[in-house]
Amino acid sequence: MVVERTLSIIKPDAVAKNVIGQIYARFEAAGLKVVAARMAHLSRVEAENFYAIHRERPFFKDLVEFMISGPVMIQVLEGENAIAKNRELMGATDPKKAEKGTIRADFAENIDANAVHGSDAPETAAVEIACFFPSLEVYSR
């Protein structure tokens, strides 16, 4: 099995619900280690740059507005198959379609306020991690 790193963001809705610790417990129970973390209130430019891949999509403006609506918790997770494992923990993008017991099924309101973001591939994980953390701030443990 391959040890990977993935970027995870606990979005403003979940931060406001005070469920950061419950989400971290799920990461750790699944064998994922937090190797970098910080809380931030994203600027409009940061959110637009982070989600630039969606710039032409109809939901882009609302996504950016949501992501700057309050603080987020940003972390790098490390572990065997971390990307797939985190995506399984998160559940489907639409919480109504997410399996029971996933983060989105348990903590998300709707497809827009869906509690968490996770990288979808090793290439995007590397780019997303670099967006928020210089390599000197990521510690294997």
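For all residues, glycine too, the Cβ spot is worked out from N, Cα and C.
Sequence-distant contacts of R87 (ATP binding site), defined by Cβ-Cβ distance under 8 angstroms and a gap of at least six in the same chain, are G118, D120. Under the heading ATP binding site, Swiss-Prot lists K11, F59, R87, T93, R104, N114, citing sequence analysis as support.
Feature annotation from Swiss-Prot assigns active site, pros-phosphohistidine intermediate to H117; the stated evidence is sequence analysis. DSSP assigns H117 (active site, pros-phosphohistidine intermediate) to a strand in the three-state reduction.
Its Cβ placed at the centre, F59 (ATP binding site) has 12 other Cβ atoms within 10 Å.
Comparing the binding-site residues T93, N114 by how many other C-beta atoms lie within 10 angstroms of each C-beta, the top residue is N114. Around R104 (ATP binding site), a 10 Å sphere centred on its CB holds 24 further CB atoms from the protein chains shown.
Neighbour counts of Cβ atoms within 10 Å were taken for the recorded positions K11, H117; the minimum is at H117.
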